[in-house]
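Asks: Residues or ranges marked as Zn(2+) binding site in Swiss-Prot: Cys70, Cys72, Cys85, Cys88. What Swiss-Prot records for Asp468, Asp470, Asp472 is Mg(2+) binding site.
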Amino acid sequence: MAKTEQRFDYVKIGLASPERIIEWGQRTLPNGQVVGEVTKPETINYRTLKPEMDGLFCERIFGPVKDWECHCGKYKRVRHRGIVCERCGVEVTESRVRRHRMGYIKLAAPVTHVWYLKGIPSHIATLLDMPLRDVEQVVYFNAYVVVDPGNAPNLSYKQLLTEDQYLEIEDQMYEEGSELQLPENWAMIGAEAIERLLKDIDLEKEAEQLREEIASARGQKRARLIKRLRVIDNFIATGARPEWMVLRVLPVIPPDLRPMVQLDGGRFATSDLNDLYRRVINRNNRLARLQEIMAPEIIVRNEKRMLQEAVDALIDNGRRGRMVVGANNRPLKSLSDIIEGKQGRFRQNLLGKRVDYSGRSVIVVGPNLRMHQCGLPKEMAIELFQPFVIHKLIKRGIVNNIKAAKKLIQSNDPQVWDVLEDVIDGHPVLLNRAPTLHRLGIQAFEPILVEGRAIQLHPLVCPAFNADFDGDQMAVHVPLSLEAQAEARLLMLATNNILSPATGAPIITPSQDMVLGCYYLTADNPHAPDLGDRYFASLEDALIAYDRGVIGLHSKIWVRYSGPMELGKEEKESEPQIIEEPGGTRLKITNYRRIREDRDGNVISQYIRTTAGRIIFNKTVQDILSA
């Protein structure tokens with residue numbers, strides 16, 4: 001298979017001309033035979049289990065089923081590469097060409113593309129400036145549309161006519177002495193009529209006329225004109241023609257993308273697309289045969305409508321009319337179903353691919369972590385960082401080759417954990433929690449090896465991830481290159497993302513357990529024992545007493561303290577009780593402070609009334625501020 005070396009920036013989905021669709025699937029064999037058109041609804045021969053020629057799995061059109069082997073078996077082996085078998089016409093090549101070689105079906109009558117007819121808004125209806133209901137009446141053979149009114153006074157361009165009205169005007173035209181002159185196809189029905197109307201549109205002229213009308217239009221009419229002009233401008237910009245929204249050639253996707261596989265019991269499982277394509281081919285062939293034998297118009301018209309419905313079901317089953325169902329009344333999966341939605345080709349396979357060097361696990365709280373750290377399970381870390389560990393093991397001379405290194409890792413050798421510690425030191429990892437609704441949904445952390453199988457997350461970063469610990473899962477990704485690691489450290493580290501990019505307000509705010517913990521530490525418990533006679537020489541002494549169980553967390557105690565403190569409203573407003581002591585000193589007593597001063601008013605000592613919990617809280621804050 002030829003690989004393209006051409007780089008591209010994006011994939012654009014647009015309208016394809018009938019010539020382009022034929023070009024996708026048509027090939028000329030060395031003997032001059034042109035292949036590519038699928039004409040038979042058969043898939044495989046149930047006796048030989050080989051694809052039928054010119055069918056939906058034809059080897060001549062799509063390539064051989066087996067590598068380097070033609071259909072009839074005349075040529076086998078790679079040495080016949082590129083030869084086209086003169087007996088069966090199959091090119092001897094790799095079977096994987098069946099993943100990209102396309103075919104096509106030439107339709108016996110044009111059909112509208114259901115996306116452009118029934119999409120919201122309907123581009124065909126917008127472009128023709130007709131109500132969608134009227135366009136549908138024409139497409140599904142319920143009404144005629146006037147495409148050339150001739151000299152008829154009571155007819156106008158794009159006017160809809162019922163069957164009876166159409167026949168009445170036809171009779172008038174052929175009456176003796178009638179002055180009514182109408183061209184042969186003055187009124188048409190079905191997708192042919194829509195194709196004719198679309199062909200008649202001069203895009204440049206129409207765009208110019210619309211711009212003039214928009215200048216003077218107001219309100220609803222102006223909005224409608226702008227919508228129509230936008231569609232026309234897009235057609236002009238892309239170089240597409242409006243009539244391409246009506247299909248004359250239908251592409252057939254490669255057979256390996258709609259496979260047919262044999263099950264154990266000899267039965268076959270097949271993709272729904274094959275059933276939908278088979279319906280189209282059967283109806284198309286029947287229509288071609290009816291046209292050949294000059295069948296009555298009513299029968300031909302009914303077959304054309306059925307062909308239109310079959311193509312609609314193939315492109316987007318259920319978009320219009322009843323859904324086509326298969327066995328067990330299950331709706332068949334159309335081309336649109338394959339590419340749209342969460343399980344579709346784009347979101348599932350192209351945008352959301354699974355990546356190497358990644359893992360996921362349940363998150364649990366890690367209150368002992370620093371904010372820029374996360375707890376990474378050893379089992380996960382050894383798997384994610386395995387190439388780095390192997391490199392380090394060889395570099396240190398612990399092992400000589402990769403195989404020996406892998407064996408050492410599998411045996412859980414203590415040396416491996418030492419090397420792993422060394423490897424992850426300073427190597428950030430990315431944590432992501434789905435859905436990633438803003439950029440803080442993925443942040444970088446320094447990993448700390450932990451036991452168990454859960455990822456430990458600092459509680460402060462939970463609001464950014466919108467995470468909680470009721471079973472949430474998070475994904476881990478390892479940035480490999482030095483550039484990626486530097487970028488993760490400088491831009492994505494949790495400590496660099498304290499403010500919300502949306503509002504500028506802090507997103508790292510204490511909540512839940514942290515607020516409750518701070519409240520519990522500093523709460524004034526009226527039921528706690530009042531140890532008013534307990535005095536401590538320093539904060540450290542009080543903490544030692546708490547650690548030894550001498551005092552409780554909320555026990556009221558007096559502690560000698562000379563540092564800065566903020567007075568509460570009650571303390572500021574209360575008058576101190578002053579006790580004069582022998583030797584000239586005096587004692588000022590309030591509810592929360594006891595201050596001893598010398599005769600000049602200098603503070604000799606100060607005791608404050610507090611609890612062990614408040615001392616712990618204050619010490620923690622002071623330690624962080626002075627760090």
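The backbone N, Cα and C atoms fix where each Cβ goes, and this holds for glycine too.
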Asks: Spatially, which candidate from the binding-site residues Asp468, Asp470, Asp472 is nearest to Cys88 (Zn(2+) binding site), comparing Cα atoms?
Replies: Asp472
Asks: Could you round the CA separation between Asp468 (Mg(2+) binding site) and Cys70 (Zn(2+) binding site) to a whole angstrom and send it over?
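Replies: The separation of the Cα atoms works out to 60 Å.
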Asks: Determine, to the nearest whole angstrom, how far the Cα atom of Cys70 (Zn(2+) binding site) is from the Cα atom of Asp472 (Mg(2+) binding site).
Replies: 54
Asks: Can you grab the distance from Cys72 (Zn(2+) binding site) over to Asp470 (Mg(2+) binding site)? Cα atoms, rounded to a whole Å.
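Replies: Cys72 (Zn(2+) binding site) and Asp470 (Mg(2+) binding site) have their Cα atoms 62 Å apart.
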Asks: Rounded to a whole angstrom, what is the C-alpha distance between Asp470 (Mg(2+) binding site) and Cys85 (Zn(2+) binding site)?
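Replies: Between the alpha carbons of Asp470 (Mg(2+) binding site) and Cys85 (Zn(2+) binding site) there are 64 Å.
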Asks: Near the Zn(2+) site, what residues other than Cys70, Cys72, Cys85, Cys88 in the same chain have a C-beta no further than 8 Å from the centroid of the listed C-beta atoms?
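Replies: The answer, listed by sequence position, is Glu59, His71, Gly73, Lys74, Tyr75, Arg87, Gly89, Val90.
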Asks: Tell me the Cβ contacts of Cys85 (Zn(2+) binding site) under 8 Å, same chain only and six or more apart in sequence, or just say none.
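Replies: Same-chain residues close to Cys85 (Zn(2+) binding site) (Cβ under 8 Å, separated by 6 or more) are Cys70, His71, Cys72, Lys74, Tyr75, Glu91, Val92.
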Asks: Cβ within 8 angstroms of the Cβ centroid of Asp468, Asp470, Asp472: which residues besides those meet this for the Mg(2+) site?
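Replies: After dropping the recorded site residues, what remains is Ile363, Ala467, Phe469, Gly471.
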Asks: Would you mind ranking the binding-site residues Cys70, Cys72 by how many other Cβ atoms sit within 10 Å of each Cβ and giving me the lowest?
Replies: Cys72
Asks: If you count Cβ atoms within 10 Å of each one, which of the binding-site residues Cys88, Asp468, Asp470 comes out on top?
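Replies: The residue with the most neighbouring Cβ atoms within 10 Å is Cys88.
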